[in-house]
Amino acid sequence: MTATLERREGVSLWERFCAWITSTENRLYIGWFGCLMFPTLLTATSCYIIAFIAAPPVDIDGIREPVAGSLLYGNNIISGAVIPSSNAIGMHFYPIWEAASIDEWLYNGGPYQLIVLHFLLGVASYMGREWELSYRLGMRPWIFVAFSAPVAAASAVFLVYPIGQGSFSDGMPLGISGTFNFMLVFQAEHNILMHPFHMAGVAGVFGGSLFSAMHGSLVTSSLIRETTENESTNYGYKFGQEEETYNIVAAHGYFGRLIFQYASFNNSRALHFFLAAWPVVGIWLTAMGVSTMAFNLNGFNFNQSVVDSQGRVINTWADIINRADLGMEVMHERNAHNFPLDLASGDVLPVALNAPAVNG
């Protein structure tokens, strides 16, 4: 008998690194997308925390009137924000090395671009990492598809909208009250409440909340009893058990009688796909709506659409909304322009009949 011993070649450092990066045995899966996700999200988070606490005021409108957003400059958690980059910068890429000094970079709102661009790269990489881990485990890719909805929404308000409006100063501020201000100004300038894609998004969010509550309460109400009255019902479930933990037939019968028969799902897989798809499609549509309104394809305008026989306008709810929009538009960026565009878009009145002679 002859035994042949083959000498095993040493595994290179790169191969070991690749095996570690793509291993599903790690407590936290890294993956190739993780190589981009971790540094970008850490950078965005670190810069956001520092800027929210200590960033100096930013000349957001580009008119030498800085706006303070950080805690050390008088704000609190509610009013604080990372202020968007200056309108003087517009859509120019503005990294630190493009500024003459750190003070100039801070004054023009450089941290906003740094945070937003790293954040968008990070969440896109997180989405890719979800697909990558699903692929390694032999799972279907629907987790990654579902997460594409919030990624699309974030991209719409932080990147697509500034591109459409021509300036990062029109992006959403990174704070609570700044978000609300962005929403009010967006309504004033684009009438988003009258845009059908926004309506679909509202239906997606509120409908998703309703369906989630209905599903959770139905399942909790139809659990198969495995414990006594003196024990928590949660002890009746063992992680990884093969048996159903609730009676879907009972839940189906209850809901079918409560509403009507065909309002209730009799297929658990179809039910859970619906629970995932409804809010995801709604958020997709909202992101598409914001992205189109970024280029001023705005919501429906039904202003002064009802008149009497004499031609006098009979105000409808659309006219009430329009008046509110004009009020909000007048109030924002109060020193950047004298009138909102809607009020300044009438016929041009001549102010000089003859041009003055210019002596060269």
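For all residues, glycine too, the Cβ spot is worked out from N, Cα and C.
Of all the Cβ atoms in the protein chains shown, 20 others lie within 10 Å of the Cβ of HIS118 (chlorophyll a ChlzD1 binding site). Annotation comment: Swiss-Prot describes HIS118 as chlorophyll a ChlzD1 binding site, evidence class sequence analysis.
Per Swiss-Prot, pheophytin a binding site is recorded for TYR126, and the stated evidence type is sequence analysis. A simple way to gauge crowding: the CB of TYR126 (pheophytin a binding site) has 19 other CB atoms within 10 angstroms, across all the protein chains here.
Over all protein chains present, the Cβ of GLU189 ([CaMn4O5] cluster binding site) has 20 other Cβ atoms lying within 10 Å. The feature [CaMn4O5] cluster binding site is assigned by Swiss-Prot to ASP170, GLU189, HIS332, GLU333, ASP342, ALA344, with sequence analysis given as support.
Residue environment of HIS198 (chlorophyll a PD1 binding site) contains 23 other Cβ atoms, counted within 10 Å of its Cβ in all protein chains. The secondary structure of HIS198 (chlorophyll a PD1 binding site), as reduced to three states from DSSP, is helical. Swiss-Prot lists HIS198 with the feature chlorophyll a PD1 binding site, giving sequence analysis as the kind of evidence.
Taken from Swiss-Prot, the feature quinone binding site covers HIS215, SER264, PHE265, and the record attributes it to sequence analysis. For SER264 (quinone binding site), the Cβ neighbour count at a 10 Å cut-off comes to 18, with all displayed protein chains included.
Positions annotated as Fe cation binding site by Swiss-Prot: HIS215, HIS272. Annotation for HIS272 (Fe cation binding site): no spatial neighbours, criterion Cβ-Cβ under 8 Å with sequence separation of six or more. DSSP assigns HIS272 (Fe cation binding site) to a helical segment in the three-state reduction.
Note on TYR161 (site 'Tyrosine radical intermediate'): other Cβ atoms within 10 Å of its Cβ, all shown chains, come to 22. The secondary structure of TYR161 (site 'Tyrosine radical intermediate'), as reduced to three states from DSSP, is helical. As annotated by Swiss-Prot, site 'Tyrosine radical intermediate' applies to TYR161, with the evidence given as sequence analysis.
When Cβ atoms from all protein chains are considered, those within 10 Å of HIS190 (site 'Stabilizes free radical intermediate') total 22, not counting its own. Residues annotated as site 'Stabilizes free radical intermediate' in Swiss-Prot: HIS190.
Feature annotation from Swiss-Prot assigns transmembrane segment to 29-46 (among others); the stated evidence is sequence analysis. Listed as Cβ neighbours of the transmembrane segment (29-46) (distance under 8 Å, sequence separation of 6 or more from its ends, same chain) are residues 20-23, 114-116, 118-119, 121-123, 125-126, 128-129, 131-133, 136.
Outside the transmembrane segment (118-133), and at least 6 residues removed from its termini, the chain residues within Cβ reach (under 8 Å) are 24, 29, 31-34, 36-37, 40-41, 43-44, 47, 139, 141, 143-144, 147-148, 150-151, 154-155, 158-159. As annotated by Swiss-Prot, transmembrane segment applies to 118-133 (among others).
The transmembrane segment annotation in Swiss-Prot covers 142-156 (among others), and the record cites sequence analysis as its basis.
For the transmembrane segment (197-218), the residues of the chain that approach it from at least six positions outside its boundaries are 251, 254-255, 271, 274-275, 278-283, 285-286, 288-290, 292, 299, judged by C-beta separation under 8 angstroms. Taken from Swiss-Prot, the feature transmembrane segment applies to 197-218 (among others).
Among the features that Swiss-Prot reports, transmembrane segment is placed at 274-288 (among others), with the record citing sequence analysis. If one looks beyond the transmembrane segment (274-288) by at least 6 residues along the same chain, the residues whose Cβ comes under 8 Å of a Cβ in the stretch are 142, 145-146, 148-150, 152-153, 155-156, 197-198, 200-205, 207-208, 211-212, 215, 265.
The recorded positions shown are HIS118, TYR126, TYR161, HIS198, HIS215; of these, the one with its CA atom nearest the CA of GLU333 ([CaMn4O5] cluster binding site) is TYR161.
The Cβ of HIS332 ([CaMn4O5] cluster binding site) has ASN181, LEU184, VAL185, ALA188 as same-chain neighbours under 8 Å, each 6 or more residues away in sequence. Counting same-chain residues at least six beyond the ends of the transmembrane segment (142-156), those with a Cβ under 8 angstroms from any Cβ of the stretch are 119-120, 123-124, 126-128, 130-131, 134, 276, 279-280, 283-284, 286-288, 290-291, 294. The quinone site, placed at the center of the C-beta atoms of HIS215, SER264, PHE265, has further neighbours from the same chain whose C-beta lies within 8 angstroms: MET214, LEU218, ALA251, HIS252, PHE255, LEU271.
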